[in-house]
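Participant: The feature Zn(2+) binding site is assigned by TrEMBL to His323, His327, Glu346. Here TrEMBL flags Glu324 as active site, proton acceptor. Look at TrEMBL and you will find Tyr412 tagged as active site, proton donor. Among the features that TrEMBL reports, domain 'Peptidase M1 leukotriene A4 hydrolase/aminopeptidase C-terminal' is placed at 494-640.
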Amino acid sequence: YSRALLYSKANLSAKFPLPEQVQVQAAQKRTAGLGKIDPTSYAEPELVTTLHSVLNWKVDFEKKYLKGSVMHHFKALQKDLPAILLDVRNMKILKVELVGEKANIPLKHRISDPAGDMGAKLTLELPEDTNTADLYVNIDYETSNNASALQWLAPEQTLGKKHPFMFSQCWAIHARSILPCQDTPAVKFTYRATVEHPEELTALMSATVLKRENSRTTFVQDVPIPSYLLAIAIGKLVSKPLGRQSNVWAEEDIIDECAEEFSDTLDILKVATDISGHFVWKHCDLLVMPPSFPFGGMENPCLIFVTPTLLAGDKSLSNVIAHEIAHSWAGNLVTNKNFEHFWLNEGIAAFLESKIIGRMRGNKERDFHMLRNLSELKECIQTQLADRPELTKLVVDLSNCTPDEAYSSVPYIKGSIFLRYMEDLLGGSEIFERFLRQYWQRNAYNSVSSEDFKQALCEFFSKTNRRQKLSLINWDLWLNGEGMPPTIPRLDQSLASVSKRLALFWATKTVVELNNSPQLKEQISVHQLIDMLGKIVESPGMKGLNDQKIELLETTYNLKETKNVEIRFHLMRLYIMAKSMGRLDEIFNFLNSNFRLKYIRPIYRDLVNWPAAKPKAIENFKRVKGQMMAICSHAIEKDLGFK
């Protein structure tokens with residue numbers, strides 16, 4: 001390599017602020033953890049940072065691995081750096097060289113300190129006389145065929161059944177399984193990638209395409225990103241334009257359906273930009289993933305990954321698109337320094353998502369959306385986190401716990417409620433949005449902690465007529481308190497009251513009483529229907545739940561024909577509550593039709609508590625486990641009591 005290859009544009013680093021000397025906060029407080037800045041990374045961002053990376057990958061579908069190299073441009077933040085520490089997981093390092101002006105110098109390297117799912121430490125020893133701040137290091141390597149960030153699908157696991165498919169999911173700490181790197185959000189870098197792949201397949205990345213040749217595609221991302229936003233997908237894909245700045249990608253059989261479902265993408269982006277300010281990413285494409293994708297969406301810049309479970313046929317689940325677009329600012333532009341402060345990414349994105357809904361569908365819908373989220377949060381705290389109350393804090397301790405283990409709806413919903421509470425307290429939407437725009441501007445391309453956010457907010461509002469209200473915010477209680485939010489903002493109940501009343505009606509009446517009631521003809525929206533079904537599932541005093549009652553529910557609201565996965569999810573849980581053995585095949589068909597954590601975890605947990613169905617649930621899981629991503633199968637193993 002020549003150094004000229006490192007940049008697609010001259011002097012990219014001048015365009016973005018260099019990370020300042022990273023403050024080491026509360027390092028002495030830790031009982032464990034890998035690094036001072038980030039307990040889930042061996043990297044030392046206080047000593048050295050990555051500015052730019054050049055990737056060369058050859059994708060091997062037969063062996064299910066990536067082989068190639070990465071050249072990192074590091075900036076040393078202290079003199080006489082003895083070594084550079086990187087994160088790796090299940091990979092083979094073939095050769096490491098310090099790239100010089102005249103010659104390359106081989107570097108001694110070793111992999112040590114394996115830490116389970118956190119991976120291991122790669123130490124690159126630097127020559128004693130290395131006193132330059134700019135270091136260029138080239139690493140030849142290959143991934144293992146079970147890299148935790150990669151999912152390899154055989155042709156029969158795809159929609160078209162003819163071609164294989166591969167995609168990555170690097171959040172939170174899985175980038176280390178596809179490249180040796182400083183796998184911490186405290187470090188942000190630009191990248192260029194050249195990918196060799198089968199000629200008949202299309203390669204996409206979280207970047208802009210620079211050049212497409214027959215079996216080689218070159219990409220560039222010239223806005224700095226954390227490693228978890230590195231993304232790749234390769235498959236038999238086609239695209240349709242959604243507008244000037246946006247395309248949707250999918251397998252051919254569903255591309256028209258996807259283009260119709262997501263036709264509002266640019267409207268959502270415009271509203272998000274009105275709220276948050278300048279959109280720094282060049283375009284906003286969507287890739288509709290295979291059903292094994294474990295999340296609703298992943299905010300990869302330039303290429304948002306979305307689950308096919310959003311294809312409801314009526315755009316009713318488009319709030320997920322709003323959430324992922326909101327990440328263009330919350331997380332992608334300004335990033336949590338480590339995943340203990342994950343609420344700064346997800347809580348602010350969920351808050352912006354609710355604001356976008358408010359702008360597009362009215363404030364009643366915004367409040368209804370937040371009330372539905374609160375119900376979801378309550379269930380999460382009472383079930384998933386019942387034995388882990390420490391994970392119900394907004395700022396969690398990851399000294400002895402991975403981000404995957406800590407993952408729940410808490411940072412999303414409790415975080416967004418905290419922001420709504422502050423918005424109401426400090427003068428409402430207009431002034432709070434002004435604060436957010438300043439926050440994005442001042443912290444752009446950097447990584448921040450909860451303390452940084454607190455300081456930014458207090459500094460902004462101390463200059464307004466609401467400054468005396470700042471003393472009312474109990475930061476310690478909000479950030480470090482367990483359980484539900486300490487204060488619930490006043491939210492408009494008019495839409496929620498309808499679904500609440502109807503849920504009570506269905507839960508407390510017998511089939512005979514239900515049949516004779518005029519309430520059966522009451523018209524409700526799809527979001528009220530979803531909320532009502534969720535509340536029926538949660539209802540403690542359910543009266544006479546049996547197949548007959550469920551069938552009446554299905555015919556009343558025409559549920560048998562629905563494509564809406566939220567509705568079908570609640571129905572499956574009702575079948576289990578009714579102990580309906582005749583519906584087991586339907587339940588397993590639903591479970592095996594998508595591996596989205598939000599839906600399959602609660603259903604497996606429900607099945608575990610139904611003795612007659614538990615062995616069948618275990619048998620089903622073992623049969624399909626190989627089709628799941630690691631983050632998904634590990635979570636289900638925990639729910640089934642295997643771990």
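Counting begins at 1 with the first residue displayed.
Including glycine, each Cβ sits where the backbone N, Cα and C put it.
So that I understand the layout, could you describe where these features sit and how close they are to other parts?
Facilitator: The number of other Cβ atoms within 10 Å of the Cβ belonging to Glu346 (Zn(2+) binding site), over all protein chains shown, comes to 25.
Taking Cβ-Cβ distances under 8 Å and a sequence gap of 6 or more within the same chain, the neighbours of Tyr412 (active site, proton donor) are Trp343, Glu346, Gly347, Ala349, Ala350, Asn373.
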Participant: Within the domain 'Peptidase M1 leukotriene A4 hydrolase/aminopeptidase C-terminal' (494-640), what mean pLDDT does the predicted structure show?
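Facilitator: The average pLDDT of the model in the domain 'Peptidase M1 leukotriene A4 hydrolase/aminopeptidase C-terminal' (494-640) works out to 95.
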Participant: Output, ordered by sequence, the same-chain residues six or more apart from His323 (Zn(2+) binding site) with a CB under 8 Å from its CB, or 'none'.
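Facilitator: Result: Gly296, Gly297, Ala349, Ala350, Leu352, Glu353.
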